[in-house]
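Visitor: Okay, so TrEMBL annotates it like this:
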TRANSMEM  20-38  transmembrane segment
DOMAIN    38-200  domain 'DUF3533'
DOMAIN    351-698  domain 'ABC-2 type transporter transmembrane'
COILED    450-477  coiled coil
TRANSMEM  522-541  transmembrane segment
TRANSMEM  562-582  transmembrane segment
TRANSMEM  594-613  transmembrane segment
TRANSMEM  625-642  transmembrane segment
TRANSMEM  683-700  transmembrane segment
């Protein structure tokens, strides 16, 4: 230990007694500090001076009319930019703006086209044109300036969007104050039409049920008559005299059945025509929905959902009709597959209409406007469904209804056969009972079909009654009425809210006052490392042979290693203290804990100087080169300027092994706010490099001494490389 201090004191004496050496050492102590201070000062607060960056603005907007009011969004942008000091906004014509960017007079330009306002309001005409602002920038002029001007352009976009939404919403709300009474009147008219149509269908179904009841009564009478006739077969001979009367009576009954069957088909035709009316009302509800959405999106969405509900009830009725048509077909032996297939296809189309209406209503509720081509798409689906429904009517008229008529005619033919049998009773008495039994079976099947049809009609009436109630609920929705009144009463407040519905509250954790303070840890640590490199470049790492002779021949390599390092240690600590004090007192950086800031600088200087000294004494010139290479890697990959997460994969992979990382992080704790655990951990990780440096300087040096002497001798022989 004594020898180590003797070497150190000898080095101090050499500096103290040599004026030139003393001046050089003063320069070595101050030079790294100047490097740090100038860089920190240059980056003190660059983003507060963006007002000097010239950006050209050319407003070519011709304006447009909105609700008979002249608006010019381009002029609004210019007025707002004149109040904005974020950039040096220069207002010129289009040609000057474009040429200025090319020549470098302006960093960027913003050109507002002639149809800008017109494009903004195109959404109200149904022909949407996306408004565009031409933003041109000169990326050659500076690397950072385009990023700053990008922020300015984005700010213009945000401002325009907010201004437009505010203006449009305010105007529409004002218009709503005038048109709400007319809109309510139209809405009431539509709901009344729907309720009236549903009421007509219910009345027609009730008449249909009455007809079915009459037919059933007639069939009961016919069945009783046939039963009585069958009982009279043993006395047929006595009744032959009355055969003319019985035959006439039976034919009259069948004629009545035919009349009732005619009423059934007529009633069915009436129901189908009523459903036609529902289609017309649905088309009427959808017609003009785009305009209603623009006037009142929520109210229009409710109306769309109500229309979807009507279609859903229609599907339920179609399903019930399908079930009973199948039953009728099975009992009468009629092939109804064509009609059931048509009903299935119609139900699919009804579901498509419902899905389209519901998705459209959701979009209207969420965004305030309908999906593209919404009204035309719904009308197309309704037209396709109506075409399919026409096919159902055709099937009814040409197949099912004809089959029913055929079934009734079969009964009529049976009774004709009975009449023939009675006329030729002498030869046909054995066949009369069979004919009567067949007639009874046919009447029973027909009566069962009528019972099923009566149930179908009853279910349909219940569904339609529910639909009518929902329409009543929509037309008397107090919440909807209250919303319209609220929007109409204060248009400006609604516009202000819609233009900026969300307010972001920023909470800063460990706030930093300015960019210079934020960059201080990086430039300070960088200067300390540079200072250590300057030391090995100026001071000799090896003790001269003459000094060894003065100290005695028993100086061991480890004593020489630590003895010479003492001067490195002293100067590097002085460098670190000067840099840190200058940051605090001269630049007046933000620092929450100055003492911990100085400690981090001193510890970093000790670690860096020992590591660079060890590399130099062990590997000579190669060690100095390694120190520079490590510096380059740390400047690029230590996360001192950009977050490590945005660096390339290579730099992210070496980050944990770079001493800069821990020095910078420890110093940031002192600058912005101390989290004790992080500060201590960073310094402890940093001290690991002390062990690495000692391993290089003590353990690796011994086998490298001969090689490095040979290497240095060959360099000296060149008379060029020191």
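Every residue, even glycine, has its Cβ placed from backbone N, Cα and C.
Looking at the shown structure, what environment does each listed feature sit in?
Guide: With a cut-off of 8 Å between Cβ atoms, the residues of this chain six or more beyond the transmembrane segment (20-38) that come close are 14, 523-524, 526-528, 530-531, 534-535, 538, 571, 574-575, 578-579, 582-583, 586-587.
Packing against the transmembrane segment (522-541) from elsewhere in the chain are residues 24, 28, 31-33, 35-36, 39-40, 43, 564, 567-568, 571-572, 575-576, 579-580, 583, 601, 604-605, 608-609, 611-613, 616-617, 620, 623-624, 627-628, 631, 634-635, 638, 640-641, 660, 663-664, 667: each is 6 or more residues past its ends and has a CB under 8 Å from a CB in it.
Listed by sequence, the residues of this chain that lie at least six past the ends of the transmembrane segment (625-642) yet keep a Cβ under 8 A from its Cβ atoms are 519, 521-522, 525-526, 529-530, 532-533, 536, 611-612, 615-616, 619, 650-652, 654-655, 658-661, 664.
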Visitor: Which residues of the same chain, at least 6 past either end of the transmembrane segment (562-582), have a Cβ under 8 Å from a Cβ in it?
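Guide: Those are 3-8, 11-12, 15, 25, 28-30, 32-33, 36-37, 524, 527-528, 531-532, 535-536, 539-543, 555, 597-598, 601-602, 604-606, 608-610, 613, 617, 697, in sequence order.
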